[in-house]
Amino acid sequence: MKRSVEMEKKREEERVKKAEMARLKAERARAYEEPEWAKVEDDVAEDVPEEEEEGVRKNELYCVACGKKFKSDKQWKNHEQSKKHKDKVAELREAFGEEDQDNEDDDEDADDNNDNGGGDADGFVSADEVEKLKEQFEGVEIQTEEKGDE
């Protein structure tokens, strides 16, 4: 019984201490005055050229696998180490591996049917072949699946 009373007393002291710390922190935040060199004039902030805004966007890092943006290298590196990112990358690799295998099978079938009519061994095709493909796929619409964040 005595022990539970002591534990309750300690908990109450901790709550009071945390509340006091929060109050002091809020008081310091209200009393904070921005240094003169760090102040931004209102009219200057509105005149930021679009080029600078684009520069900021160029500095953003983007994870294609997860579809997320990051503003710093540290955020990016932490994200790369996360389990969700690693799972997404593994999932993509698996999907690309299956797709590559399907493409290899299709290429083998095409090679069997064509006597080098599907392009050179290095993967290049002639302009005539490109035109044939354009005609073949004319009117085809590409649909993309939108995946929600998990």
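Using N, Cα and C of the backbone, Cβ positions are placed for all residues, glycine too.
Database features, via TrEMBL:
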COMPBIAS  27-42  compositional bias 'Basic and acidic residues'
REGION    27-57  region 'Disordered'
COMPBIAS  43-54  compositional bias 'Acidic residues'
DOMAIN    63-85  domain 'C2H2-type'
COMPBIAS  72-81  compositional bias 'Basic and acidic residues'
REGION    72-150  region 'Disordered'
COMPBIAS  97-114  compositional bias 'Acidic residues'
* Asked: Under DSSP, the compositional bias 'Basic and acidic residues' (72-81) has how many residues in helix, strand and coil?
  -> 9 helix, 0 strand, 1 coil
* Taking helix as H, G and I and strand as E and B in DSSP, count the residues of the compositional bias 'Basic and acidic residues' (27-42) in helix, strand and coil. => 9 helix, 0 strand, 7 coil
* Mean predicted confidence [pLDDT] for the domain 'C2H2-type' (63-85) -> 88
